[in-house]
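Novice: Taken from TrEMBL, the feature transmembrane segment covers 28-53, 65-83, 95-112, 160-177, 301-323, 335-357, 364-384, 396-417, 429-453, 459-480. Marked as domain 'Major facilitator superfamily (MFS) profile' by TrEMBL: 29-484.
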Amino acid sequence: MSTATSATTPTASEVVANLPWRWRTQGAIFIIGGLGFMFDAWDVALNGFLIPLLSDYWSLSVGQAAWIATANLIGMALGAFTWGGIADVIGRKKAFTLTLLVFSIFTVAGAFSPAFGWFILFRFLAGFGLGGCIPVDYALVGEFTPKKHRGRVLTAMDGWWPIGASLCAFVSAWLLGVGDWRLIMLVMIVPALLTVAVRFGIPESPLYLASVGRYKEADAIIARLVERTGAEVTTWTHEVPKTAEGATAAEGATATTAGAASQATSNAPSQPGKVTNVNAQLRAATGQLVQLWQYSAKTTLVSWSLFVSVLLVYYAALTWLPGILKKQGMGDQSAFMVTGSMTAVGILGVIVSALIVERVGRKWVLGTTSIVSALLLVVAAVFIEASGSELTFAAKASIIGFGFVVQIAIPTLYTYVSELYPTRLRGSGFGWASAASRIATGIAPLVFGAFMWPVLGLTLTFILTGLLVVVAVVLMALLARETTGEALG
């Protein structure tokens, strides 16, 4: 029956948020989502290794080579906000599947490019899938994770990123001994397709289903979660979804584990809040940007500034470090190994982030590590420019130090921003923030390669990017709330 939420009966989101953690349930979703994230990182990291290889293969200038990263990252920008809105319309599960298929197919297609123009087109299309994978992945995993563990789990999600980027570096260095750049790209088909096959075991997010009025489906999934985790919950209510104007979109409903189980076997439609007009759904998805700023201009400003500045620093290093080291006189394989070491040590950074994010708080961890990582990149630039073809110990230490600290900052950033928005805007909120960073990082390789690096030098270039991080952290300190310990709603 329909009823308002009561003070004694928990809501559906509270039930999910307070379930005990079980590796066979939420843990399986974390692993599957993490594998998708790992392969996303692998494909993105390819840009940095392809730049020096294709510069030689097609005799590209620095400005031309920059399009390898720019096309991919602009595609990611388009994908980030497009897939975020799509995920809020068709669901997390379907959107995740499609993003994996898109980036896998077009990465492999790039290996067969007959000319540089075709290669750029395929990297753009692969980026479109890549851009959607991160926001959809985080929304999916986050909405299944209990509140008590959410900070650590979402932070640990980013541990898959340095694993993927490191594997890309080390495998690429090894494959150069037996093949060329085409072989490096072809290997991406295996993990992507394996992840697509595995991911069919993930149910749709019950929080998403309830947010669009599909209560019976949500109840059936929650009942299975309760059963599989051994929780002692027998009934719950649904929070009443609101329209942008605050009007009630659908009545809340009280559900029980027994009732949900019987509803799961019924084919009768019961979706009181579902919009049946597909065109209306698409218009609603494209209108998410306006809703984000209406919800909270301060929150959206902070989210965008943090994403743009922190990821600009990270992608500057990931994209250009192999080329920078090669210009210093290092060979391809040596440059790849140094870059791989920088990303590999990030695994430890993610572990540290997971251990401290709940104790210290999102804002303190993110603010401190963002500034320190930007500073370490400046120090690395100073020592790289002072080195010859053989990097000094100080240069290697600062590069590795940057890789460690920045991977404390980034998972905390993803966790923090994903928690700033309510369920109905979480996918698009994260997606649009990610899109803003992709636009900035997409343009950055061209600006970096054609102007900043050759004209200003490496050190001054990284000083300027570091100042953007400082501004973003100040905005966060003044305008954004702390989300540690909050329940998702």
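Sequential numbering from 1, following the chain as shown.
Each residue, glycine too, has its Cβ placed from N, Cα and C.
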Novice: Look at every Cβ pair spanning the transmembrane segment (65-83) and the transmembrane segment (160-177), keep those 6 or more apart in sequence, and say whether at least 3 of them are under 8 Å.
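Specialist: Taking Cβ pairs at least 6 residues apart, the transmembrane segment (160-177) and the transmembrane segment (65-83) are not in contact, as fewer than 3 fall under 8 Å.
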Novice: Relative to the transmembrane segment (429-453), which of 301-323, 396-417, 459-480 accounts for the most Cβ pairs at distances under 8 Å?
Specialist: 301-323
Novice: Which sequence positions outside the transmembrane segment (459-480), separated from its termini by at least 6 residues, show Cβ-Cβ distances below 8 Å to it?
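Specialist: Those are 298-299, 301-302, 305-306, 308-310, 312-313, 316, 363, 366-367, 370-371, 373-375, 377-378, 380-382, 385, 420, 448, 452-453, in sequence order.
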Novice: Sort out for me which stretch, of 95-112, 160-177, 301-323, 364-384, has the most Cβ pairs below 8 angstroms to the transmembrane segment (335-357).
Specialist: 160-177
Novice: To the transmembrane segment (28-53), which of 95-112, 160-177, 301-323, 396-417 is linked by the most Cβ pairs under 8 Å?
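Specialist: Per the Cβ under 8 Å count, 160-177.
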